[in-house]
Amino acid sequence: MQKSVRYNEGHALYLAMLARKEGTKRGFLSKKAAEASRWHEKWFALYQNVLFYFEGEQSGRPAGMYLLEGCSCERTPAPPRTNAGPAGARDALDKQYYFTVLFGHDGQKPLELRCEEEQAGKEWMEAIHQASYADILIEREVLMQKYIHLVQIVETEKIATNQLRHQLEDQDTEIERLKSEIVALNKTKERMRPYHVHQEEEDPDIKKIKKVQSFMRGWLCRRKWKTIVQDYICSPHAESMRKRNQIVFTMVEAETEYVHQLYILVNGFLRPLRMAASSKKPPINHDDVSSIFLNSETIMFLHEIFHQGLKARLANWPTLVLADLFDILLPMLNIYQEFVRNHQYSLQVLANCKQNRDFDKLLKQYEANPACEGRMLETFLTYPMFQIPRYIITLHELLAHTPHEHVERKSLEFAKSKLEELSRVMHDEVSDTENIRKNLAIERMIVEGCDILLDTSQTFIRQGSLIQVPSVERGKLSKVRLGSLSLKKEGERQCFLFTKHFLICTRSSGGKLHLLKTGGVLSLIQCTLIEEPDGSDDDPKGSGHMFGHLDFKIVVEPPDAASFTVVLLAPSRQEKAAWMSDISQCVDNIRCNGLMTIVFEENSKVTVPHMIKSDARLHKDDTDICFSKTLNSCKVPQIRYASVERLLERLTDLRFLSIDFLNTFLHTYRIFTTATVVLAKLSDIYKRPFTSIPVRSLELFFATSQNNREHLVDGKSPRLCRKFSSPPPLAVSRTSSPVRARKLSLTSSLNSRIGALDLTNSSSSSSPTTTTHSPAASPPPHTAVLESAPADKAGDSADMSPCRSPTTPRHLRYRQPGGQVADSAHCSVSPASAFAIATAAAGHGSPPGFNNERTCDKEFIIRRTATNRVLNVLRHWVSKHAQDFELNNELKMNVLNLLEEVLRDPDLLPQERKATANILRALSQDDQDDIHLKLEDIIQMTDCPKAECFETLSAMELAEQITLLDHIVFRSIPYEEFLGQGWMKLDKNERTPYIMKTSQHFNEMSNLVASQIMNYADISSRANAIEKWVAVADICRCLHNYNGVLEITSALNRSAIYRLKKTWAKVSKQTKALMDKLQKTVSSEGRFKNLRETLKNCNPPAVPYLGMYLTDLAFIEEGTPNFTEEGLVNFSKMRMISHIIREIRQFQQTAYRIDQQPKVIQYLLDKALVIDEDSLYELSLKIEPRLPA
């Protein structure tokens, strides 16, 4: 018996599984049975050259398999059908597709298959045809033959190439041989030439003619070439390329400095603090280090790569291609974006960490490193915020000197657009963190430190020099005179005003600040401001006459110590008015917050009044306003972008008035609106307060607390026309009680039958213990105390913030002088009414007709508050920005008409009338002080017949008069000229005449110095003149006239003088060392970092270099637009501009006390002594000609 064929069944099953998953062709087919002519439907799967079939698609084991190697497949016609069965079934069978698989040898029965669709049948036949290993071998053999043929061709080409290379090398060798032969032949000819010359003597005239011809040809070629070069040098293209190259060189220098700053930040602060955080007793943890220095190290690595790329480009000069470098920088901007978003949080974390004394001590050690050059950590953290705007300015300048068809132009424009997007975010963050950095800088200047400045909610308002008048017992002023030199020297104080505190410091010779041991830090919540101190009994004329009405008094009533008084003198009436306005507004904000918290019952931990929190318009972004995360002095989010309407609405919001918003608005309103529009808004608020205030604001103004709802007296308003108004609120005094209950000391001239409430004007009181009243009020005023009566007396001993209510008051009691207590039920005053009266009429007596009904009248409250707001804004506007009214007579007349309309109100309170009269007096007075003296006035006063000469004038006289002239020119610049970059426009002389005069004066003084040096013919006289002018510059430095220092040093650095090596060799070493010191002080390196530090450490008066501030303003203007794409005002930018203008005006407002010397001034202003630049250089070449090359 023949045995059956054995095969590997397990492997066959594995192949069947692969066929089911990865088969070439799979699907149902009908297979004809071998026994009977019956068709059975099976599921077939073709894998390589093996055909499996299964009982169904889900069957795991195959029913059989066919080996297709060496077989063929062809289509067969449908078999004949019997007539049995329905006709439809026969038609269906005829339409099916039949094909047969034939095996290679005889005797093997073919495999007959069929499928329902013709397309599927063709695909099966094609797949079976290709399932042959023999066919694949044949195709492989054909490909191998082709490959071998190609390899042979390549080898042949290589051989041919080598042959050609050898031929070329042989030819090169032959060429070198022929060249050497030619050289040898030429040398042979040269040796043989003398014999031919001897034989044929040339005519001497011919020799001369040839020499002249050769000379003429050379001269003509050189002249032609010089003309070509000169024409190109003077061409616009060459000028543009020079400027472009200069921009690139400046950019490389700035990038080098920036990388060095980042290196100091990382290696001088970040890495040492990481090590300190890993110590046993860490002064700071790793999380805080990461929060402060987020991405700083990565930014340093990025810019080191960028800097190396710039230096590599310079190596290929004059070909400068920069666009690809910016293409490298742009993808890394997301690193900068993270740094920008973290910037404000970084400075807040740093301020909190500085409260740890160990960390503060360690940080001071790091900052004492000579590499830091006296700069603080927050300064280094801010440098990356200014770098992207600097790139934008550079790209602007590059594009201005790049032709439109230049290959780099599109790339540079794309880089600029991408950087501008990030720059807008950076400017917003820099604006938001300006206040934190300013506070930290002042805190670091104070030797003893000042913890209150580490509070990030403190907002810097103003600083300046004031004179503190010494006082004796009983609050009487010492008998001192304003002109006393000892008073100025010993009593000069550097004062800083913040939203919550007032700092009084003395400055040491090194520039550092020292807080006064007594009264150095004044909490404004404990202060009462007295604008016009009354004279004592011994001095009937009063201190106002003694000090020229420049003094004001701050009465401090600390809760745990005896009260004391600080008397300060301002340098001018305008300065006094500005200080008074800002201090009273800061006190006002604090008192308003405190009163609102008492009136509107809140949780003791909540400092923001409920009615402000519930107004979404004050903190929620909308289509016409966008807020930042930073809060202003009234605990309301600062405005980032807003429409003009929303800014005017914030200015006239009767619930609060932020002093920092008001100062920014008054500094920059000219950019986005006009003075006429602002005044019209104030006039509308006064005349039509109900139609000018948004409805939602009115609703929230009268909103009452949930737990203390009192009903207003039912009745109509007595009249709809304006009858009542109030002047700007001033400070109220706070007293402490033995039982530590919260009290507000208030004085009022109310009718004795009514227990109403009012606040006394502190400007009308002479001391904190005495109370005065308006002259119109004949009866003595009644003292009232508004007392919070808690249900639980145990809560009285809790430690409370000055601005918070200690507990929920159940009712208000009015304490009359006789000791009787009247319950508040006698006058049903709503919390909103009580607050409005207390704040709107702060410090003023009540009118005779003030009664219970008017107290509860909403219209009455709104009118009083609206009048208060109008007078408050006008007081700030007139006292701080008098130039607005001096230069715009129409605006001045409109304000006068509005104030006269207020004065015509028959029911105006005496104190309101006094406040209005003060504003009118400030507008109408003609101040003849020399603070308004102009350069033209001095020129007219110095018409002397004979001017002094340089030799007869001392260095001190020259320095003093230069300082006087520089400060007069500097302070004459109106602040509106700093807006809009007018000094860079084509019509700059019309838009910014005073800035252009300042620039012209700077150039004329510098030209005078250079001209006077060049006027001397002998070397010794020129050297002596240089030494004298350096001495003048050093005296200017002592006088804080850094503009004068730069005038002289720039003159000495002119090429006409700098090139005089023989003259400089005669100058002493001490003078040269002093010259280097002065140049370092006023150097432009690092955005004038040395000059900024010097100005920060000196007291006014001073004359800074104006170009430094103009650069800052141009930097801000170029970095971000004034308006967004939606047409909103970029108020963050306005805030940054306001900070710079505030610093400029700080130096403008403090005048020098230097007497004019007409002869010296006439010498300094004599234009006949000035030599122009070209003549100076020609004179310099005559004095010391160029050395032959």
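Cβ atoms are placed via backbone N, Cα and C, with glycine included.
What Swiss-Prot records as phosphoserine, among Ser291, Ser423, Ser604, Ser745, is residue Ser745.
Within the listed segments 193-218, 713-738, 843-868, Swiss-Prot records region 'Disordered' for the stretch 713-738. In Swiss-Prot, the feature coiled coil is placed on 158-193, out of the ranges 158-193, 1058-1093.
Within the listed segments 509-517, 527-535, 743-751, 995-1003, Swiss-Prot records region 'Regulates proteasomal degradation' for the stretch 743-751. According to Swiss-Prot, the listed position annotated as phosphoserine out of Ser767, Ser805 is Ser805. Cross-referencing Ser72, Ser411, Ser471, Ser924 with Swiss-Prot, the residue annotated as phosphoserine turns out to be Ser924. A Cβ distance under 8 Å defines the sequence-distant neighbours of the domain 'IQ' (205-234), meaning residues of its chain 6+ beyond its ends; there are none. Its Cβ placed at the centre, Ser924 (phosphoserine) has 9 other Cβ atoms within 10 Å.
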